[in-house]
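S.K.: Sharing a structure, written as structure tokens. Questions coming.
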Amino acid sequence: MSTKESVFSILLSRRGAFVSGEDLAKELEVSRVAVWKAIQGLMEDGAVIESSKGQGYRLDDPGYNQLALSSLVSIPVFYLDEVDSTNSEARRLAASGQQAPFVVIARRQSSGRGRRGRSFESGEGGIYLSLVVDGQMATSTQSMTTRTALGVAKAIESLGLEVGIKWVNDIYVHGRKAVGILCEGIVSMEESRVSQVVIGVGVNWTTASFPPELEDVAVSLFPDGKAVMPKADFVALEVDSILASLKDEDYLDGYRKRCFVIGRDVDVVRLESRRRAHVEAIDDEAHLVVRYEDGQVEHLSSGEVSVRPLA
């Protein structure tokens with residue numbers, strides 16, 4: 001471990017408290033100059049470190065890089081400043097032999113993807129990650145998607161924000177969409193089964209503006225840029241929350257509680273057709289139960305339709 005990494009580890013373990021340069025030098029058996037250089041290097045990497053004469057150094061924000069994220073996140077992290085798509089990079093790593101669980105995190109995506117081949121706006125104001133888990137955790141794509149939505153919703157709620165889920169996996173804050181989720185299976189040809197699942201999550205964190213076509217539908221968690229938690233800390237919280245939700249046998253109770261389309265009239269859209277319906281429930285398979293105006297009841301799966309709450 002380098003001096004910079006060692007200094008970071010100590011400051012992180014004593015976060016919120018000042019650690020003197022003298023104590024750091026003694027503990028690491030290096031010079032005060034070496035400690036100072038390490039501090040400067042950490043700050044150049046994005047860490048926010050307060051320096052106080054007579055008190056030393058205090059870590060306020062760990063930054064957003066490989067060192068910070070790998071120190072905070074509970075599973076292996078692969079960080080990139082930019083990638084085409086975190087889901088694509090996760091697939092490449094899995095194909096190279098990387099074992100689940102692991103997570104790919106990028107500051108930017110050049111070709112971010114959403115459901116049904118849609119592009120996903122992926123500038124520096126967002127959080128883009130792909131969590132890879134063992135395929136044995138996947139009972140169905142529907143279950144993985146709804147479980148992930150609940151996990152992300154709970155993480156966002158810890159920021160003091162009110163969250164709603166629009167079936168099946170759109171997460172709303174401030175009345176508009178703030179999070180997109182894309183789950184994809186990696187199939188083992190030898191075993192003819194899903195060997196791993198890639199869970200892609202894009203969070204609009206502090207994005208100040210969106211393209212014209214998204215202005216009325218997208219929003220950031222902190223549109224004023226004043227996040228209440230460092231980005232890296234939230235990523236660690238988000239990953240742990242998703243992993244917990246994937247194992248939660250009673251997750252549907254929490255999902256239903258947050259799903260704001262239940263009890264509302266909606267448009268059910270298939271290709272060029274549109275039918276008005278009333279949402280009655282979410283069944284135990286996470287399908288949306290709707291009743292059409294002619295009395296017909298249908299259990300909808302995420303792969304069949306888009307559901308749009310009526311104004």
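Please read every residue number as a count from 1 along the shown chain.
Just so you know, glycine gets a Cβ as well, placed from its N, Cα and C.
Positions annotated as DNA-binding region by TrEMBL: 21-40. The biotin binding site feature in TrEMBL is assigned to SER85, THR86, ASN87, GLN109, ARG113, GLY114, ARG115, LYS177. As annotated by TrEMBL, domain 'Helix-turn-helix type 11' applies to 6-58. Taken from TrEMBL, the feature domain 'BPL/LPL catalytic' covers 84-204.
Could you place these features in context, so I can see how deep they sit and what lies close by?
M.R.: Sorting the DNA-binding region (21-40) by DSSP state (H, G, I as helix; E, B as strand; all else coil) yields 17 helix, 0 strand, 3 coil.
Counting every protein chain shown, the number of other Cβ atoms lying within 10 Å of the Cβ of SER85 (biotin binding site) is 22.
Counting residues of the domain 'BPL/LPL catalytic' (84-204) by DSSP class, helix then strand then coil, yields 33 helix, 51 strand, 37 coil.
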S.K.: For the binding-site residues THR86, ASN87, LYS177, work out the Cβ neighbour count at 10 Å and name the residue with the minimum.
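M.R.: Fewest other Cβ atoms within 10 Å, among the binding-site residues THR86, ASN87, LYS177, is found for LYS177.
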